[in-house]
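Okay, structure first, notes after.
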Amino acid sequence: MEKVTIRDFLKKKEKKEKIIMLTAYDYPSAKIISQTNLDGILVGDSLGMVVLGKENTLKVTMRDMLIHLDAVVKAKPPQLIVADMPFLSYETSIKDAVKNAGLLARHGADAVKLEGGEEMRDVVRAIVRAGIPVMGHIGLTPQRFLRIGGYRILGKREKEEEQLLKDAKTLEEAGAFSIVIENTYSDVAKKITESISIPTICIGAGPYCDGQILVIHDLLGLSDFTPYFAKKYIDLRGLIRRAIEDYISEVKEGKFPGKEHYKSRDS
């Protein structure tokens, strides 16, 4: 598989081929993904909750992102690697935004993702001008859950729908190469997808986007809580628990280690 670029994402929209992404936060996951036909990897700030046990994404730092991005990059996946810009790494000033986006790019990100719509126009434009591709993120934006009164579906009110459409068009005009649409109504996501020329990637926004993304822990059944919009393709949590219980039993019963697992001088 050849290295995936942002041009491949744009071509897929033109050809009406689905773009498929997953999150990854470590070397083993990225190595496995590298052996699949997945299009893109998001090193997401969701790592704060699913890997580091934090309450929300607000507590994820640039240091956290760089450590996990480094681990993914070392697996050398051919997929497009997109890195999330964590909370307060791009909101305080355009200068900080470009500097932090550049830091992620230097550590191997092919693109960066940031949350927000119309209000992020100048930030997106500046990062793109610096030569770094930007993926937008609208709808439910977890870094702003306090402002919207918690984690809720957006787009029910006409005003919210109009703002989402405006946000998408503004991000496209600012130079974003694609947009994640999270937790909105499927008909709203469809309208957005049909109104812009760059790809839309859905998570909890229905089947009409140009692509889909899931948190890998949800897909594998490793999460404490699986949101309604995610599908658990395997119960890896249960398999791991059973493997650990088998290990405990075999050690107690003297079955492990077996002769094949150690060296004896008299053998």
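Keep in mind that glycine also has a Cβ here, set from the backbone N, Cα and C atoms.
Within Asp8, Asp70, Asp84, Asp96, the residue that Swiss-Prot lists together with Asp45, Glu115 for binding Mg(2+) is Asp84. In sequence order, Leu42, Val43, Gly44, Asp45, Ser46, Val60, Met65, Val112, Lys113, Leu114 are the residues near Asp84 (3-methyl-2-oxobutanoate binding site), counting only same-chain partners six or more apart with C-beta under 8 A. In this structure, Asp45 (3-methyl-2-oxobutanoate binding site) belongs to neither helix nor strand by DSSP; it is coil. Rounded to the nearest whole angstrom, the C-alpha distance between Glu182 (active site, proton acceptor) and Glu115 (Mg(2+) binding site) is 10.
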